[in-house]
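Here's the structure, in structure tokens; my notes come after.
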Amino acid sequence: MKRILTLFQLAVIQGGNALFPLFAFPYILIKVGDGAFSKIVLSEALAMYVLTFSLYSYDITGVSEIIGKVKTGKTADVLAVKIKIIMARLFVFSIISGVISVFIYIFDRSLIWCFILWLMLPLGTIFQSNFFHQATNSNKTLALLVTFFRVTSLIILLVSDLNKNDVYFIIFVMSASYLASGLITFFSSLIKYRRICNSIKIVHPSEIFMSLKNGFVLFLSNICVILYRNSNVVILGLVSTPSAVAMYATAEKIIKSIQALSGPLNQFYFTRLVHSNISASKLIDYPFFKKIWDNTKWQLAMLSLVISCVVLLIVELANLATLAKNIINVTPLLVIMSFSIFVGVCNYMFGVVGMSLVANERLFLLFSCITGCISIGVALLLSYKFGQFGAAVSYVMAEITLFFFVMSFYFRRVF
């Protein structure tokens with residue numbers, strides 16, 4: 001029962017983050033039109049780069065470190081680990097956001113304020129520290145806060161009479177919900193753990209830089225992955241029309257929302273793998289492979305159910321006159337990109353999690369780097385030739401390429 005409750009809380013957290021854009025972005029597209037919507041999604045895509053850099057590799061290494069402290073009875077150090085990781089993330093955030101702001105100011109000043117407003121999203125996510133609540137199994141408060149602020153933000157958008165001049169207002173309402181939930185979660189956990197710990201351990205700067213160094217290889221892998229997962233909108237914006245960007249961005253949001261729904265299962269089973277000491281021997285054999293597969297197949301089954309529900313929802317929405325045109329335009333892209341959902345789950349479990357558990361992060365970095373470079377070239381070519389359809393195909397091809405590399409790693413050692 002406790003496991004089911006934990007999984008439900010994780011699902012609420014991830015569902016709040018995933019379903020929010022799934023409902024918000026198609027509605028915004030209808031209200032503001034292609035031009036304004038393209039501006040919103042392009043600036044958001046750039047802010048997501050900041051988020052990816054800022055989160056670093058702590059969603060993996062942070063969970064392992066905190067569980068290690070709890071296992072060895074060093075509960076008093078748990079909060080210190082959280083503060084250390086937040087400080088490290090803020091350090092990276094300040095550098096990356098500054099660099100991207102300069103580039104935006106040079107190349108397209110019209111996006112600068114949109115980008116600055118979107119920065120509340122990565123900043124809120126940093127303070128929210130999902131890894132901490134996942135490792136300590138304290139997800140209840142976070143689940144309630146995420147649900148409240150995402151629903152509130154969505155209601156504000158729905159009741160507002162939006163038009164193409166409300167770009168800043170729309171971005172503020174959406175990104176502020178992340179900052180609010182993040183800050184309140186941070187301070188509530190700070191108060192909670194001050195009662196347990198006699199004092200908050202002061203984190204020395206050397207500890208921060210050491211943690212950044214230790215997670216650097218996995219961080220580079222994440223950056224390479226982001227090259228093919230988050231770059232297509234930006235590439236399409238460079239070589240195609242606002243209409244193509246709007247359609248592709250809507251389809252990508254739906255696909256990523258479905259992918260995000262697998263997050264609770266990813267987090268739940270990753271935590272179980274760490275607790276099970278599966279990586280203690282660092283041996284890559286059939287039992288190791290099977291253990292990861294057993295934690296993956298249920299995610300694939302659940303995603304099949306979710307996709308079936310989304311298909312039914314799309315069919316129903318297509319019957320509404322105001323949405324029919326947008327649904328018809330996006331549906332072919334969804335069909336193309338849906339396969340990437342299943343492959344992406346396997347890449348995460350066998351690649352990010354599995355290869356890091358047996359200390360093969362550097363090899364996964366190589367796989368990710370090759371995939372990212374290939375993907376950018378393919379995306380540029382296909383997006384230029386075929387617009388949003390080319391971008392959709394390149395998105396799927398990138399996931400399949402990484403999957404091929406990861407599976408070749410296991411098959412050479414296991415079978």
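Backbone N, Cα and C define each Cβ position, glycine as well.
Annotation source TrEMBL lists transmembrane segment at 40-58 (among others).
Taken from TrEMBL, the feature transmembrane segment covers 79-104 (among others).
Marked as transmembrane segment by TrEMBL: 110-129 (among others). Proximity of distant same-chain residues to the transmembrane segment (110-129), defined by a Cβ-Cβ separation under 8 Å and at least 6 residues beyond the stretch ends, is recorded for 39-40, 42-44, 46-48, 50-51, 54-55, 82, 85-86, 89-90, 93, 97, 100-101, 104, 142, 146, 167-168, 171-172, 174-183, 185-186, 189.
The list of residues near the transmembrane segment (141-160) in space but at least 6 beyond its ends in sequence, with Cβ under 8 angstroms from a Cβ of it, reads 9-10, 12-13, 16-17, 19-20, 23-24, 27-28, 128, 130, 133, 166, 169-170, 173-174, 176-178, 180-181, 184-185, 188-189. What TrEMBL lists as transmembrane segment is 141-160 (among others).
Summarising the annotation, TrEMBL assigns transmembrane segment to 166-187 (among others).
Annotation source TrEMBL lists transmembrane segment at 300-321 (among others).
Among the features that TrEMBL reports, transmembrane segment is placed at 327-351 (among others).
Taken from TrEMBL, the feature transmembrane segment covers 363-383 (among others). Same-chain neighbours of the transmembrane segment (363-383): 217-218, 220-228, 231-232, 235-236, 239-240, 351-352, 355-356, 389-391, 393-395, 397-398, 401-402, 405-406, 409, counting only residues six or more beyond its ends whose CB sits under 8 Å from a CB of the stretch.
TrEMBL lists 389-411 (among others) with the feature transmembrane segment.
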Checklist line | Residue numbers, six or more beyond the limits of the transmembrane segment (389-411), whose CB comes under 8 Å of its CB atoms | finding: 225, 228-229, 232-233, 235-236, 240, 244, 248, 251-252, 255, 284, 289, 332-333, 336-337, 339-340, 343-344, 346-347, 350-351, 354-355, 360, 363-364, 367-368, 370-372, 374-375, 378-379, 381-383
Next item on the list: Determine which residues of the chain contact the transmembrane segment (166-187) at the Cβ level, with the cut-off under 8 Å and only residues 6 or more beyond its ends counted.
Entry: 20, 24, 28, 32, 36, 39-40, 43-44, 47, 86, 113-114, 117-121, 123-129, 133, 141-142, 145-146, 148-150, 152-153, 156-157, 160
